[in-house]
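Scroll down for the structure; my scribbles are underneath it.
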Amino acid sequence: MAANPRGGDQNISPGAFYQQEYRDIFHAAVAAGRVTPAVFPWSLVGSFFLPLLYLSIPHTKRPWLYRMRWAVAAAIVALNARMMQTTSAANAAVAYAVGLVAAWGTLWSLRLVLFTRPQWDAARVERRPRRCPKEPPATGTGAAAPDESVAAALAHYEYFWQPFPSEAPFLARLGWAANLMTSFRGAGWNHAISAIPHPPFHAADTTVPLHLTPLASRTGVTRSTTYAAFLRARLQTIALAWLAIDLLTLTLRQDPYFLLGPDHTHHTHHTHHHHPPHSHHTPLALPLPALTTPLLRNTAALTAILAGLHLYAALAQLVAVALLRPALLGPRADLWQHPTLFGSLAAGVADRGLRGFWGGWWHQTLRAGLVAPARWLLLPASASAPAPARRKRAMVVTVVTAFVLSGLLHAAGGYTAVAARPGRGGRSWTPVVFFGLQAVGVLVQAGGAAVLGRVPRGWRRAGNVLFVAVWLQLTGWGLVDDMSRAGVWLFEPVPVSPLRWMGLGLPGESWWRWDGGCGPRWYTGRHWWESGIRL
């Protein structure tokens, strides 16, 4: 285990030193009453439990209850705004997640409570016992089923589109609403985003034509047809992401930028009386450091983000399909409801440029929530405008709104991550700049393509890739600076380090990466609503 940084032992790694410093600062802020820890369940009331309860109560035939959605929306905003102002965590990644949960929980809840009408329009894929077991399945034989999981179920069940079960018991309605709230990409719902493979929807209470579910979407997101292929792909993803994260946690922490952010030369210590340990590695002498240093930093940060997203998405899907299985989740554990997280790089970036990078290749987990406000605002004016003008205006408004909201969402994470650190805030606007510039880049590239007209496919693809690489390099500082300042790279995503087990770590580093500061535990606050399981 690492030595105590307060003892001045230089065997401790710089990452462990600053991780402990941030924890000490957080605990001091809690003791002073400036912040409170994130606790379950109270930190999720505004983002999950309140909208869940409202969406579980039938209101299609109760106009007064439907009008209450405005009061529910106001309460959601107020609760999450309060959480952002007062809540953080000792773990830098959890502290960052506090802001993400508050901002995304607000946006997603408003989509379901205000911007759409799920109890009227939403329907999910559910299954029920066959009324006539001897009849052949309506969706085809096992050979025509979309995957192995459905083929096994078709002998005894039929799949249908289930609307909101207004006449069902409360727990059934609660389960329907919980599934709605946690299905961000809409897998298994009639409002599934176009980026994932999904069956066509015709009407509620009708049979689902699962045999028409494509193997891949137009953006290159694919699904597995057998359990063996699914397990092989997810285990391979987990192994590669695990090794990449292990390597990056070793290398990134040799650079003070990833420990303290872009202002690392001006960092002062609030809790330790000893100087921080220095890296045991000599910095590389890079040619043209003004260009190569940001390039390497942005590339490393992008790789780390990709590895983390792939790791946790694959783990979640593996648990749902292989452990919980249909016995507990029903059709939510079917293979076709768990497609890959990212699309095709060639179909996204090479063919569509920056718009394809963000709207095709990049994960679309937040897409439905990010575009919902613009679609809601544009709905009243859509009927009067001519079709070409309407499409152009809708595209511009939707792109700009979605990217600005994404910037605010990530800025919220940076804000709560540094909430307990005096003098470390004031730069939360940089993610908004980054994502705002992505909207500018998408519109600039679209305008340039319109001016240039028809270009040979090879030149167009090469130009798209070059534009995306240059634009992300020029603007990447806005996001990476904020995440470095927040201390996100000090997080230990995996508990076991194969590289450190092989002796490749820094002096004092153990192959077991999770210490006593990791894991949930009970916290007793000043008030009952501040007490709970500390995250």
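Any Cβ shown, glycine's included, is placed from N, Cα and C.
Unlike curated entries, TrEMBL annotations are predicted automatically.
These features come from TrEMBL:
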{"type": "TRANSMEM", "residues": "39-57", "note": "transmembrane segment"}
{"type": "TRANSMEM", "residues": "64-81", "note": "transmembrane segment"}
{"type": "TRANSMEM", "residues": "93-114", "note": "transmembrane segment"}
{"type": "REGION", "residues": "126-145", "note": "region 'Disordered'"}
{"type": "TRANSMEM", "residues": "233-252", "note": "transmembrane segment"}
{"type": "TRANSMEM", "residues": "300-324", "note": "transmembrane segment"}
{"type": "DOMAIN", "residues": "339-420", "note": "domain 'Wax synthase'"}
{"type": "TRANSMEM", "residues": "394-412", "note": "transmembrane segment"}
{"type": "TRANSMEM", "residues": "432-452", "note": "transmembrane segment"}
{"type": "TRANSMEM", "residues": "464-480", "note": "transmembrane segment"}
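If you look at the transmembrane segment (39-57) against the transmembrane segment (93-114), you find at least three C-beta pairs under 8 angstroms, all six or more positions apart, and that counts as contact. Listed as Cβ neighbours of the transmembrane segment (64-81) (distance under 8 Å, sequence separation of 6 or more from its ends, same chain) are residues 45-47, 50-51, 54, 57, 102-103, 105-106, 109-110, 113-114. Most Cβ pairs under 8 Å to the transmembrane segment (464-480), among the stretches 93-114, 233-252, 394-412, 432-452, belong to 432-452. Across the domain 'Wax synthase' (339-420), the model assigns an average pLDDT of 88. If you look at the transmembrane segment (432-452), the same-chain residues 6 or more away from its ends with a CB under 8 A from one of its CBs are 353-355, 358, 396, 399-400, 402-404, 406-408, 410-411, 464, 467, 471, 475-479.
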